[in-house]
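Peer 1: Okay, handing you the structure first.
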Amino acid sequence: MFELDNVSVRFGCKTVLDNLSFSLASGEQVGLLGVSGAGKSTLLRLAAGLLQPDSGRLSNTFLNPILVFQEPRLLPWRPVIENICIPLRAKGMAKNQARECAGYWLEKVGLRDAAGQWPGQLSGGMAQRVALARAFAMEPDLLLLDEPFSALDPGLRASLGQLCSEYLEQNRVAMLCISHNPHELVEITDRCVLVEQGRLRPFEPDHLQDDEARKKMADLLYQTLLG
Amino acid sequence: MKTVMQKQTGPTSRLWSCIGVLLILAGWQIAAMYLGPMLMASPLDTFKNLVPMLTSTHFLDNASVSLWRIGVGVGCGCLIGFILGVLAGHNACLRGLLEPLRWVLMAMPPVVVVMLSMLWFGLGSPMVIFMTVLMMAPGMYVNTVKGMLQVDRNLVEMTHVYRFGRWRKLLHLYLPALTAPLTAALLIAACGGVRMVVMAEVLGAESGVGYALANAQSVFDNTEIFTWIILVLLLVAVIEFVLLQPLQRRMRQWQENDHV
């Protein structure tokens, strides 16, 4: 369980999260929406352990939280397969097993043939698929997605979104996902939360029971985002 | 498709380098003819002396001592500079603490260091190695710190998320990211180290290339002096072109591939 109790985060004199309380249970999938600078990424970074709150209480019992960034963040000097193997080795996996696991996930994202290539030889979409494969290979118990598809074209967004949905369906892991697209978000989450000036505005989970309700919910979120 | 880097190191550039070497040889020959054999040995006399010199025990004894001093001095200097650079790159307090020492060592003339080293260690290898370490470490330190501060913060975050240990961070993040400053520093340290060792040996050693040079100078044996100079230049060329440049190319292999 990831829990924030009256947490505040400040960068200099700017308060990014203001006495915010939030909880995410094991296996729960939550979407985060909000305008740029609202504090969504800060929330994700708290969950990933990259940030500590200035005040309030943070508790995180997830053992293996993995954050997928907006950009792929691959090591440019290591071949694609090594970019997946190295974190697996850091997790304690044997060398052969890590290569096998990396190969499996590269196959799943359709990049088996790119295993020996350098990240610089990949297109943006391919590199982001490798980043997703790296995250999935780690078998996270909490998956944190920070607009991982925002820089991709609509076709690629759809195919990677599909891949993500399949993964989440098969492995019921907890997820916090940021997106600027409410329609995309309501499809893959149990509930959505709107982040506004460092505070949260929840949307009831009952609203996401069927397709029509999801669409209405997405429209409502979209209208709220437009202000 | 060739990249700009490949074009710069292509056959045209090598041809110009060969022309440059020939121009230096021509200039040397003209100067030798003008100054006479008492002041400057000609290229021909020098190269004629190379083969007998290379097979003599005199060369082997002195060259091996100098090589050992260069290896230990440059190796230790670079290692100390690198380790302190990595630590200081992580810790601003340590960086501030080491800054005055770095400044003193870089600003101090090498001859002063030789004099002090002779005073503390007497003549011989400990003095030469000590002063080489002292002169080589700051360059490596500065390059490492600069490189550490320029490592991509996004990648540092990524290694944190994926819980890379210290060793994995060093091996897979910092060392490859530092390739450019480190290889440049290694090149400067190795070539500078050769010069430093030879100078220290000229001033205060009982063996080594510098000692042999000082002896040749005392008996006005210009041919031997120039032969030793050529041998020192060959050693620097081997370090640069046979060891460091291939290492640099290997470490930067990933950059040679264009984005599709």
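The backbone N, Cα and C atoms fix where each Cβ goes, and this holds for glycine too.
Just lifted these from TrEMBL, have a look:
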- B:63-244: domain 'ABC transmembrane type-1' (DOMAIN)
- B:67-89: transmembrane segment (TRANSMEM)
- B:101-121: transmembrane segment (TRANSMEM)
- B:127-149: transmembrane segment (TRANSMEM)
- B:170-198: transmembrane segment (TRANSMEM)
- B:225-244: transmembrane segment (TRANSMEM)
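Help me understand the surroundings of these features in the structure.
Peer 2: Under 8 Å from some Cβ of the transmembrane segment (B:101-121) lie the Cβ atoms of residues 127-128, 130-131, 134-135, 137-139, 141-142, 196, 199-200, 203-204, all in the same chain and six or more residues away from its ends.
Same-chain neighbours of the transmembrane segment (B:170-198): 66, 69-70, 73-74, 77-78, 81-82, 86, 110, 128, 131-132, 135-136, 139-140, 142-144, 146-148, 150-152, 155-156, 159, 164, 208-210, 213, 232, 235-236, 239-240, 243-244, 247-248, 251-252, counting only residues six or more beyond its ends whose CB sits under 8 Å from a CB of the stretch.
Panel annotation: around the transmembrane segment (B:225-244), residues 40-41, 45-47, 49-50, 53-54, 59, 63, 67, 183, 186-187, 190-191, 194, 198, 209, 212-213, 216-217 of the same chain, lying at least six beyond its termini, place a Cβ under 8 Å from a Cβ of the stretch.
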